[in-house]
Amino acid sequence: MSAVPLRNGKAAASGVRQVTVLGATGSIGDSTMDLLRATPERYQVEALTANSNVAGLAKLAIEFNARFAAVADASLLGDLRAALAGTGIECGAGEGAVIEAAARPSDWVMAAVAGAAGLKPALAAVDRGATVALANKECLVCAGEFFMQRAADAQACILPADSEHNALFQALASGDRAELTKVIITASGGPFRTWAAADIEQATLAQALKHPNWSMGQKITIDSASMMNKGLEVIEAHWLFALSPDEIEVVVHPQSIIHGMVEFSDRSVVAQLGAPDMRIPIAHCLGWPDRIVGRAAALDLTKIGQLTFEAPDFARFPGLRLAYDALRAGHCATTVYNAANEIAVAAFVKEQIRFGAIARLVEETLNAWIRAGNLAPLGSADDAISVDHKARNLAATLLPQIAAKAS
């Protein structure tokens with residue numbers, strides 16, 4: 001049984017909901033707290049976490065009268081205690097404290113801790129059967145098979161919190177899984193949508209960071225420019241909705257108004273539209289199975305004027321093709337894909353490789369991993385973290401030769 005509820009079969013939520021926000025001071029956390037701030041009568045904050053932003057975490061914990069606050073950096077425990085002195089708010093520091101925050105009793109958890117560090121806290125929330133709004137890609141890209149199984153076993157409810165998968169989640173409610181023929185994930189095309197391949201190869205960091213529609217962090221903006229981010233979303237959709245690679249299509253939609261579509265057997269296509277504002281999918285998750293009053297601007301289609309669509313160019317954006325290759329390879333290949341991309345993006349930011357070499361490093365790492373016969377199923381979070389670590393080391397080893405070829 002899927003942990004993602006494809007039909008709204010739950011009764012409407014009643015009473016005050018206890019919520020936990022993992023990654024409260026990041027961009028997703030900020031949007032979540034903005035929505036909580038607007039409806040204080042509906043929610044009580046149980047726990048908040050942050051990576052290292054003690055001041056921001058303490059401010060939020062006091063504002064929302066949280067019962068527990070945790071900072072991932074263990075060395076900052078003294079700072080957090082000082083910031084919360086006299087408030088009565090419990091606090092902790094280190095990985096264990098973040099996991100404790102996730103394990104504390106609450107009805108709803110926003111899992112927005114970035115990177116592989118978010119996997120164990122998300123699992124702690126899943127294991128107690130919580131409703132989890134999932135914004136951490138690594139849970140699915142690096143560990144999707146066992147993560148979704150754990151969620152199903154614990155009868156946890158997984159709500160997709162990013163815009164594309166939340167759009168699919170909403171559209172899928174229009175039919176049964178057996179009636180689905182395909183899902184369509186939209187992509188803006190990024191800043192290089194109309195660029196020639198030779199120009200993309202030589203693109204600078206400043207150019208890669210000029211996203212036409214979304215305001216995001218550095219890593220995800222670079223991933224959008226390479227379309228690696230869309231590749232990661234294809235992998236996430238595979239695990240969230242139990243889809244084969246052939247059932248997942250990517251369409252370039254420069255306006256970023258339609259975020260996802262679902263085609264059913266009668267050839268009806270159901271789409272979800274909204275302004276490019278992360279508060280929209282988060283509000284859907286926060287209110288589910290009800291709807292709450294949103295904070296994003298209303299959509300005015302007359303001002304947009306037109307919605308256009310293009311096929312993605314796999315030759316100019318090979319990162320997207322590689323995601324499908326990794327899915328078809330199976331098991332831990334998607335973990336390797338993600339790890340190699342993280343190493344490649346970091347190298348690009350440091351000007352060690354050209355933009356075009358990002359996908360080449362990912363491809364070489366994937367191929368080397370598969371040739372070595374290292375594909376194996378992942379049975380635990382530690383397995384996923386181990387593969388992630390080894391794949392990063394492999395990508396780092398291959399980096400000099402990729403850089404040399406481009407010079």
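Note that Cβ sites are derived from N, Cα and C of the backbone, with glycine treated the same way.
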Same Mn(2+) site per Swiss-Prot - residue from Glu90, Glu95, Glu100, Glu233 joining Asp162, Glu164: Glu233
Swiss-Prot 1-deoxy-D-xylulose 5-phosphate site partner of Lys137, Ser163, Glu164, His211, Ser224, Asn229, Lys230, Glu233, selected from Ser106, Ser188, Ser244: Ser188
Additional site residue, Gly190, Gly217, Gly231 [criterion: listed by Swiss-Prot with Thr25, Gly26, Ser27, Ile28, Asn53, Asn136, Glu138 for NADPH]: Gly217
Which listed residue (Ser27, Asn53, Asn229) has most other Cβ within 10 Å, given these are binding-site residues: Asn229
Spatial separation of Asp162 (Mn(2+) binding site) from Asn229 (1-deoxy-D-xylulose 5-phosphate binding site) - C-alpha basis, Å: 12
C-beta crowding around Asn136 (NADPH binding site), within 10 angstroms: 27
Packing count at Glu138 (NADPH binding site) (other Cβ atoms within 10 Å of its Cβ): 26
Per DSSP, three-state class assigned to Asn136 (NADPH binding site): coil
